[in-house]
Amino acid sequence: MKLAVIAGDGIGTEVTAEALKVLHALRDDVETTDYDLGARRYLRNGELLTDEDLDSLREHDAILLGAIGDPRTVPAGVLERGLLLPLRFKLDHAVNLRPSKLYPGSSSPLANPGDIDFVVVREGTEGLYCGNGGTLRAGTDYEVASEVSQNTYYGVERVVRDAFERAQSRRKKLTWVHKTNVLVNAGSLWQRAIETVGQEYPEVQVDYNHIDAATIYMVTKPQEYDVIVTDNLFGDILTDLAGAVTGGIGLAASGNIDPSRKNPSMFEPVHGSAPDIAGQGIADPCAAILSVALMLRHLGDDANAERIEAAVLAEAGSRDGGPVKTAEVGDRVVANLK
């Protein structure tokens with residue numbers, strides 16, 4: 001396996017080291033290439049993501065990302081627009097995959113959370129995030145600002161199909177989330193894609209939630225969700241809420257998937273670079289480790305993915321609430337591999 005590693009900034013380097021420790025404990029065929037991308041490189045020479053970087057990344061089977069950013073030194077939006085979004089768009093990462101599971105040892109803010117285990121499939125390259133908009137008469141009383149949500153049938157259909165495939169292999173329940181009573185044009189396109197693709201998956205039960213209703217149900221009855229599919233903006237909101245109800249983002253892994261598999265998909269923990277605790281060795285690496293499991297499953301190595309998930313489950317369940325070092329967590333997960 002050829003793996004591109006973007007450790008990034010802050011605690012990204014620390015959690016990535018533990019994720020690689022676990023990966024190398026399972027497989028001896030992994031060839032890694034480190035990429036200096038993120039705030040440090042930007043501050044050093046002003047570079048964000050070059051064509052040469054992209055060409056080199058495309059030569060790999062997958063990308064493992066730690067965390068990007070340093071809000072103390074880089075203005076908001078610079079790295080997002082210049083690095084993270086171009087990676088997503090130019091590598092055609094149409095599917096943003098976010099598993100949400102309440103692990104033993106994790107504390108949900110919900111009084112009676114039940115058994116929470118669902119996946120959010122978020123469209124990743126269209127909607128309001130595609131950069132279609134602008135400003136007229138800026139700084140005047142007549143200023144006009146617009147953001148256009150761009151949806152294509154091709155883009156929606158492939159994400160919907162991915163979600164149906166995942167539902168078929170899980171509990172066979174798919175919930176699509178939108179705001180069709182207000183966003184009638186995009187909503188109609190999404191509904192037709194759901195109905196058309198759904199004919200190929202007769203065993204999958206399909207439900208619909210308005211986005212505002214979904215935020216209520218995710219708090220009041222999250223255990224009823226299996227696979228959720230939604231657009232870019234709504235997915236961004238729901239996945240953060242999903243992280244909260246499952247005990248925080250310390251265990252939240254994610255994948256940015258090219259469904260065509262023409263480009264390497266990218267896997268990363270959801271948390272940020274947390275520069276305030278960087279270097280202290282107290283960051284929880286489990287989200288990065290679970291991102292490796294997500295990556296292996298994507299690449300067809302289900303057996304080792306399951307071993308990692310079971311090892312993290314055992315480690316999380318053994319915690320007593322006391323402090324634990326980043327490297328110690330990685331060592332415990334390796335020791336739990338069976």
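Glycine residues also receive a Cβ, built from the backbone N, Cα and C atoms like all the rest.
Look at Swiss-Prot and you will find Arg88, Arg98, Arg122, Asp212 tagged as substrate binding site. The site 'Important for catalysis' annotation in Swiss-Prot covers Tyr129, Lys179. Residues or ranges marked as Mg(2+) binding site in Swiss-Prot: Asp212, Asp236, Asp240. Residues annotated as NAD(+) binding site in Swiss-Prot, with sequence analysis given as evidence: Gly272, Ser273, Ala274, Pro275, Asp276, Ile277, Ala278, Gly279, Gln280, Gly281, Ile282, Ala283, Asp284.
Mapped onto this structure are the features recorded in Swiss-Prot.
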{"residue": "Arg88", "record": "substrate binding site", "CB count, 10 Å": "18"}
{"residue": "Arg98", "record": "substrate binding site", "CB count, 10 Å": "23"}
{"residue": "Arg122", "record": "substrate binding site", "CB count, 10 Å": "27"}
{"residue": "Tyr129", "record": "site 'Important for catalysis'", "CB count, 10 Å": "21"}
{"residue": "Lys179", "record": "site 'Important for catalysis'", "CB count, 10 Å": "18"}
{"residue": "Asp240", "record": "Mg(2+) binding site", "CB count, 10 Å": "13"}
{"residue": "Gly272", "record": "NAD(+) binding site", "CB count, 10 Å": "17"}
{"residue": "Ala274", "record": "NAD(+) binding site", "CB count, 10 Å": "18"}
{"residue": "Asp276", "record": "NAD(+) binding site", "CB count, 10 Å": "10"}
{"residue": "Ile282", "record": "NAD(+) binding site", "CB count, 10 Å": "15"}
Once the chains shown are all counted, how many other Cβ atoms turn up within 10 Å of the Cβ of Ala278 (NAD(+) binding site)?
18
May I ask which residues of the same chain, at least 6 positions away in sequence, place their Cβ under 8 angstroms from the Cβ of Asp236 (Mg(2+) binding site)?
Arg122
Whole-number Å distance between the CA of Asp240 (Mg(2+) binding site) and the CA of Gln280 (NAD(+) binding site)?
26
Three-state secondary structure, Arg122 (substrate binding site) (per DSSP):
strand
Given the substrate binding site residues Arg88, Arg98, Arg122, Asp212 in the record, what is the largest Cα to Cα distance, rounded to whole Å?
27
Asp276 (NAD(+) binding site) versus Arg98 (substrate binding site) - Cα distance in angstrom:
26
Want to know which binding-site residues, from Asp212, Ala274, Asp276, Ala278, Asp284, are within 10 Å of Lys179 (site 'Important for catalysis') at Cα; which are they?
Asp212
Distance from Arg88 (substrate binding site) back to Ile282 (NAD(+) binding site), taken between C-alpha atoms, in Å:
29
Cβ-centroid neighbours of Mg(2+) site Asp212, Asp236, Asp240, 8 Å, sequence order:
Ile211, Thr215, Leu233, Phe234, Gly235, Ile237, Leu238, Thr239, Leu241
Any idea which of the binding-site residues Asp212, Asp284 has the thinnest Cβ neighbourhood at 10 Å?
Asp212
Between Ala274 (NAD(+) binding site) and Asp212 (substrate binding site), how many Å separate their Cα atoms?
30
Considering Cα atoms only, can you say which of Tyr129, Gly272, Ala278, Gln280, Asp284 is the nearest neighbour of Asp212 (substrate binding site) among these recorded positions?
Tyr129
